[in-house]
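Working notes, beginning with the structure itself.
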Amino acid sequence: MVQYNFKRITVVPNGKEFVDIILSRTQRQTPTVVHKGYKINRLRQFYMRKVKYTQTNFHAKLSAIIDEFPRLEQIHPFYGDLLHVLYNKDHYKLALGQVNTARNLISKISKDYVKLLKYGDSLYRCKCLKVAALGRMCTVLKRITPSLAYLEQIRQHMARLPSIDPNTRTVLICGYPNVGKSSFMNKVTRADVDVQPYAFTTKSLFVGHTDYKYLRYQVIDTPGILDRPFEDRNIIEMCSITALAHLRAAVLFFLDISGSCGYTIAQQAALFHSIKSLFMNKPLVIVCNKTDLMPMENISEEDRKLIEEMKSEAMKTAMGASEEQVLLKMSTLTDEGVMSVKNAACERLLDQRVEAKMKSKKINDHLNRFHVAIPKPRDSIERLPCIPQVVLEAKAKEAAAMEKRKTEKDLEEENGGAGVYSASLKKNYILQHDEWKEDIMPEILDGHNVADFIDPDILQRLAELEREEGIREAGVEEADMEMDIEKLSDEQLKQLSEIRKKKAILIKNHRLKKTVAQNRSTVPRKFDKDKKYTTKRMGRELSAMGLDPSSAMDRARSKSRGRKRDRSEDAGNDAMDVDDEQQSNKKQRVRSKSRAMSISRSQSRPPAHEVVPGEGFKDSTQKLSAIKISNKSHKKRDKNARRGEADRVIPTLRPKHLFSGKRGKGKTDRR
């Protein structure tokens, strides 16, 4: 099935934009550097390529315009006549013809100048021929600028046309202006057509969709039609006439019996008789609208006779319709009869389409494939299926034993219906006691999710955990008391008790001052007036505990900061008794000076590769490996001159290949 989607037509540029597009593409897609020292064949090929490429681009763009715009003779007659009404078929064809002529002229110009370029004997002549060829092509295109502008306006208007499928199931609404056509369409479809209390609110075709018996129907709202000669009708009315003439649809002729539209029933009947030829072989329904303002019983006898004449004419044009299906009444204000009108029109249209298909030749090919076999009785004896009695009894027992489980819907109907019966969502909970089902359990308690702590065996698990903790604590106490206290003397026992007391006091003080100790800064000696942080005091306290303070004191001295100048210059001045010792000490001082100048560290600081106790390295090899890995991780950051790992600044990038060889006058615009 052909899909008419005019929104896919490519935008048509005007003459100046067209030239800019083509020449810019030629400049970008073809070589731009040529020298007079090249061979003449190379020069000819260079400029011939530009002319051919430009002609190819012109041909492709113009061909796309010609091919994408619909040809009125090849599309559905409805769209052909609609486009003729809207845009004038002669002007439309003339514009496309001028585009086609321009395409042929450009091809001819390219062919002529390529032939001339074959005989070019210098770079200057070849270039002049190229300029002349491209100039003539652009001149031809600029001459059709009005046609291109006209086609662009047509393209924009066609993109706004509704997507009407001429071959699908269609319901067409027609009648005088302001009789309620758009209001009915808004009721039966999801379309949002503007409705106003004045005539000719609808100025073009509008499409909506509705469903009937699981089938999709398109509903077309047409502009109002006036009763006047065909030659006097305007474009708005001709859109309605075109739709009535070419679409195989169910027609709803709206009749305003109240006269509020500004036209009497006699005028509306005259319009019906003037266009009744367009209703031939189509399901026709006469809809008497606005019955809320004027009921059918209150109209005059003359108007009633006119309506009866219209109904009799509709019976002649319609195919196999009854009187009830031809004349219907409704009110879009109160929604009375709206759905009955829609259903009657859809049913009439469906019956007509089925009947038309049954009369076609293709249906015979399908009907021959169907065969319904009906067995004929050979006698009057009734032969029932033979089922054993045991099977019947078993099925009866199963049916009796199988009780239907009552659902919440059944319980609701038994207990008073909706609003009276309240279903309990907790009655099927599986708990240890039934009285627990209706307990109110919070979701959050003391900042914790209650569901995380729900466990049926929580009490049993708690008892097991307490028993294990008791066994473990008892084992620890026994292990602590395993010391052979009997082997210790009285003096040793006294020292042991003092050590334990001091240890407990230290632990307690450490816990109290933990946060303070972590944030404490290094205290210089001159501010340590109470002599709290000295190695002598540390040695006395460790000796009082019974520990050897020598290793701790050596480590403290190695970590302490000394005087740099004394360590570097005067370290070798003590105990110099012999000249040889003086010479060796002098060399050591020189080495110490150079090392201090190179790495800027004091003599008390150990070398970088030397392992200091407490650093966590096994030997100097492992420490050097760790230092290398650390330095390697900093390379990427240092290479990009980052301030740190969080530095994500991207500086202004000015790549050289994009900024070199560019001057304002364009003298050196080549790289």
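Yeah, the Cβs are placed from backbone N, Cα and C, and that goes for glycine too.
Residues or ranges marked as GTP binding site by Swiss-Prot on the basis of sequence analysis: 175-182, 221-225, 289-292. Marked as compositional bias 'Polar residues' by Swiss-Prot: 595-605. Residues annotated as compositional bias 'Basic residues' in Swiss-Prot: 631-640, 654-671. As annotated by Swiss-Prot, domain 'OBG-type G' applies to 169-350. According to Swiss-Prot, the region 'Disordered' annotation covers 516-671.
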Exercise for the section: Check the binding-site residues Gly175, Asn178, Lys181, Ile225, Thr291 for other C-beta atoms within 10 angstroms of each C-beta and report the one with the most. Expected result: Lys181
Practice task
Could you pull out which residues elsewhere in the chain have a CB under 8 Å from any CB of the compositional bias 'Basic residues' (631-640), counting only those six or more residues past its ends?
Solution key: 647
Practice task
On the DSSP side of things, how many residues of the compositional bias 'Basic residues' (631-640) fall into helix, strand and coil, could you say?
Solution key: 9 helix, 0 strand, 1 coil
Practice task
Take the domain 'OBG-type G' (169-350) and average the pLDDT across it for me.
Solution key: 86
Exercise for the section: State the three-class DSSP label for Gly175 (GTP binding site), counting H, G and I as helix, E and B as strand, and everything else as coil. Expected result: strand
